[in-house]
Amino acid sequence: MTKTTLFKQDGLPTFRPPSGVIEVRQGGARSELATFQNGANGEMVDPFGRHITYLRVSVTDRCDFRCVYCMAEDMEFLPKRDLLTLEELDRLSTTFIAKGVKKLRLTGGEPLVRKNIMYLIRSLSRHLETGALEELTLTTNGSQLKRFAKDLADAGVRRLNVSVDTLDADKFRRITRWGELKKVMEGIDAAQEAGLHVKLNAVALKGFNDSEIPSMIEWAHGRGMDMTLIETMPMGEIDEDRTDQYLPLSKVRADLSRQWTLNDIPFKTGGPARYVEVAETGGRLGFITPMTHNFCESCNRVRVTCTGTLFMCLGQEDAVDLREPLRSSEGNDLLAEEIDRAISRKPKGHDFVIDRKTRNPSVSRHMSVTGG
Ligand code: SAM
Ligand code: SF4
């Protein structure tokens, strides 16, 4: 038998956890056991034996930047009515946690521009308290971080990825079109002051930041931050030619090796990056190389958009609608069944291609739809 318990969070509206979730209060601390009827509480294992333990949730497709490799300048965003409510996002995430997700990353668009985002984050943090979830984290452009850093730390967030592609204010404005580097820097300061571990993410872009990469690494490591470099992926129509932007990280790594000693280390954060330690700086440097080194064999992730569409692979079009099963029933059994069906279709890997012959993006949606 499943049971639903209503509870009220301090200062927050009454929140209804999904039915099928049994909430047990012990000594004032909240612990929550998630069980579902029909045996749908099984963990998620795809046809290639990969355990799905990592969920990325795009909480909005909107953003206060327009990074040139990510969005066109005049993006058309989804009508607000199509978005899942914060309660629905919570219910969806909770169902995934009940099915074995241990790491949850909120992303976007820019997650911190979603209205009342702290409501969702505080609510999800109950799964950290019970130990059901090991990590709740965000990828952000940092523009709103000064305002949110302390609240995020108080809600149990421990680590953040902040995306910064250059430390030059003019170049930053050019690459983000609308961004202000000073604000992002203040956000990083505030995050570190609040005790959050910040990792810097930078997309490697030919002719834009290639010569700056070593100084960015030195800067990040000097501030006690890990840094990860990302290869640009062919997602969505943008105003520029991606072949002009694409910089293989194999080349970047070879260039860095001439100046520094890069030691491979087994360090993992649950994501796709492979890490080295830079002997000279003592810091960690990650490489996310979807183009030059396919990391699909160890993929443990799925992604949900802000409209409840589940993408089993960032680099494929196949997707499953979870909004309908979410809305059509108060319980989560239908939702759990649909998730199981989707996981049984998770493809082996992506087919990203960037070359002069291939003019169309490998997937038509922008990165801001599924989140990075
Ligand atoms: N707005 C947040 C941010 O910028 O961190 C979160 C969403 S953003 C889509 C997540 C990450 O994806 C960022 O680090 C961004 O640089 C990266 N990204 C966006 N479009 C990309 C693309 N086409 N190829 C590779 N990385 C991309
Ligand atoms: Fe916005 Fe992030 Fe995309 Fe830049 S990369 S436009 S900050 S969603």
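Cβ atoms here come from the backbone N, Cα and C positions, even for glycine.
Record features, source TrEMBL:
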BINDING   Arg56, Arg105, Thr139, Lys199, Arg301, Val302, Arg303  GTP binding site
BINDING   Cys63, Cys67, Cys70  [4Fe-4S] cluster 1 binding site
BINDING   Tyr69, Gly109, Ser163, Met233  S-adenosyl-L-methionine binding site
BINDING   Cys296, Cys299, Cys313  [4Fe-4S] cluster 2 binding site
DOMAIN    47-268  domain 'Radical SAM core'
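On the structure: features taken from TrEMBL.
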{"residue": "Arg56", "record": "GTP binding site", "DSSP class": "strand"}
{"residue": "Cys63", "record": "[4Fe-4S] cluster 1 binding site", "DSSP class": "coil"}
{"residue": "Gly109", "record": "S-adenosyl-L-methionine binding site", "DSSP class": "coil"}
{"residue": "Thr139", "record": "GTP binding site", "DSSP class": "strand"}
{"residue": "Ser163", "record": "S-adenosyl-L-methionine binding site", "DSSP class": "strand"}
{"residue": "Met233", "record": "S-adenosyl-L-methionine binding site", "DSSP class": "coil"}
{"residue": "Cys299", "record": "[4Fe-4S] cluster 2 binding site", "DSSP class": "coil"}
Expressed to the nearest Å, what is the distance separating Arg303 (GTP binding site) and Cys296 ([4Fe-4S] cluster 2 binding site) at their Cα atoms?
14
List which of the binding-site residues Cys63, Tyr69, Cys70, Ser163, Cys313 have their Cα within 10 Å of the Cα of Arg301 (GTP binding site), in sequence order.
Cys313
CA-CA, which of the binding-site residues Cys67, Lys199, Cys296, Cys299, Val302 lies nearest Gly109 (S-adenosyl-L-methionine binding site)?
Cys67
When the Cα-Cα distance from Ser163 (S-adenosyl-L-methionine binding site) is computed for each of the binding-site residues Arg56, Cys63, Cys70, Lys199, Val302, which gives the smallest value?
Lys199
Around Cys299 ([4Fe-4S] cluster 2 binding site), which residues of its chain at least 6 apart sit with Cβ under 8 Å of its Cβ?
Arg50, Pro272, Cys313, Lys346, Gly349
Including all protein chains displayed, how many Cβ atoms other than that of Arg303 (GTP binding site) lie within 10 Å of its Cβ?
22
Please give the maximum pairwise Cα distance, in Å and rounded to a whole number, for the GTP-binding set Arg56, Arg105, Thr139, Lys199, Arg301, Val302, Arg303.
21
Count the Cβ atoms, other than its own, that fall within 10 Å of the Cβ of Cys296 ([4Fe-4S] cluster 2 binding site), considering every protein chain shown.
16
Checking the spread of the S-adenosyl-L-methionine site as listed (Tyr69, Gly109, Ser163, Met233): what is the longest Cα-Cα distance, in whole Å?
16
